[in-house]
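What Swiss-Prot says about this protein:
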| type | residues | note |
| --- | --- | --- |
| BINDING | SER109, ALA110, LEU111, PRO112 | (6S)-5,6,7,8-tetrahydrofolate binding site |
Amino acid sequence: MRVVFAGTPEVAIPVLDAVAASSHELVAVVTRPDAPAGRGRRLLASPVALRAEELGVPVLKPAHPKDPEFQEQLRALRPDCCPVVAYGALLPQAALDIPVHGWVNLHFSALPAWRGAAPVQHAIWAGDEVTGATTFRIVKELDAGPTYGVMTERIRPTDTAGDLLARLAEGGAGLMVATLDGIEDGSLEARPQQAEGVSYAPKVEVEDARVDWSRPAVVIDHQVRACTPAPGAWTTVAGERLKLGPVTHADAHGSQGLGPGELGVGKHDVLVGTGTTAVRLGDVRPHGRKQMAAADWARGARLQTGVRIGVAFGES
């Protein structure tokens, strides 16, 4: 089939590479426009755009897929199907109607669970043991189109959102190619999603990532891993923001009776009390500084056991 791939961030590259290496003819790539990045706010091309250029594939960067000029360009390419991974813009019906077999999205959950922008983060945050990736035909309703295929992936106890997303992208690459193959030879038909089990995964905002130390340790662990690497879990210390890397559980004996948000500062580690048992901080990043081990941070800041941080969204 003639295919036009749509995607923008790094996570889409494994699928782009798999499609490019498949028997299908990759005639173009669609991605978001160059965007300012870094301290100098220089315009940079998306990771997908850069990879497409390495592959020698033409790149389209419409300001919005509703633009008539873009739709004419797409129509001229005569695509049979448009595989999509994290493109980052809503597709109007006029664009959806152009490819013969529509637009096929790879979504990083086992639909109908976790429809929306942040399925991996929400699966970890909810404490799910298993998640997956699904290929489905895009329709107007959010992530509600009929599905072609699904893969499952166990969520490991130490998985961050970044870890899990990387595995799903690698596994999903094979799923996407198999889906395109099945569409081409007629062996695969899209099936409506189940009406039961629908859940939603809206974007996780920075404020959502603030840790409430009065919550149980297991909930805080899930939250921190779900928000790693982005937007990054955080708390406050003396009014300054402190970003948190993944935490580990301290046993009940090691909790030292610490109250929520109360520090237990040792020579080699730093504990924080929660609504249940304490957690042990891993790496942290103070405001305006580089990431460091929690013990080094506490030593440099001259923090002692009993200091309270970010308690119930306000310090005391």
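Using the three backbone atoms N, Cα and C, a Cβ is placed for every residue, glycine included.
Highlighted in sequence order, HIS107, ALA113, TRP114, ARG115, PRO119, GLY132, THR134, ASP143, VAL150, GLN193, GLY197 have their Cβ within 8 Å of the centre of the Cβ atoms of SER109, ALA110, LEU111, PRO112, the residues recorded for (6S)-5,6,7,8-tetrahydrofolate, and are not part of that set.
Around the Cβ of ALA110 ((6S)-5,6,7,8-tetrahydrofolate binding site), a 10 Å sphere holds 21 further Cβ atoms from the protein chains shown. The number of other CB atoms found within 10 A of the CB of LEU111 ((6S)-5,6,7,8-tetrahydrofolate binding site), across every protein chain shown, is 26. Neighbour list (PRO112 ((6S)-5,6,7,8-tetrahydrofolate binding site), Cβ cut-off 8 Å, at least 6 residues apart, same chain): ASP143, ALA144, GLN193, GLN194, ALA195, GLU196, GLY197, VAL198, SER199. Counting only same-chain residues six or more apart in sequence, the Cβ atoms lying under 8 angstroms from the Cβ of SER109 ((6S)-5,6,7,8-tetrahydrofolate binding site) belong to ARG115, PRO119, VAL120, ALA123, THR131, GLY132, ALA133, THR134, ALA201.
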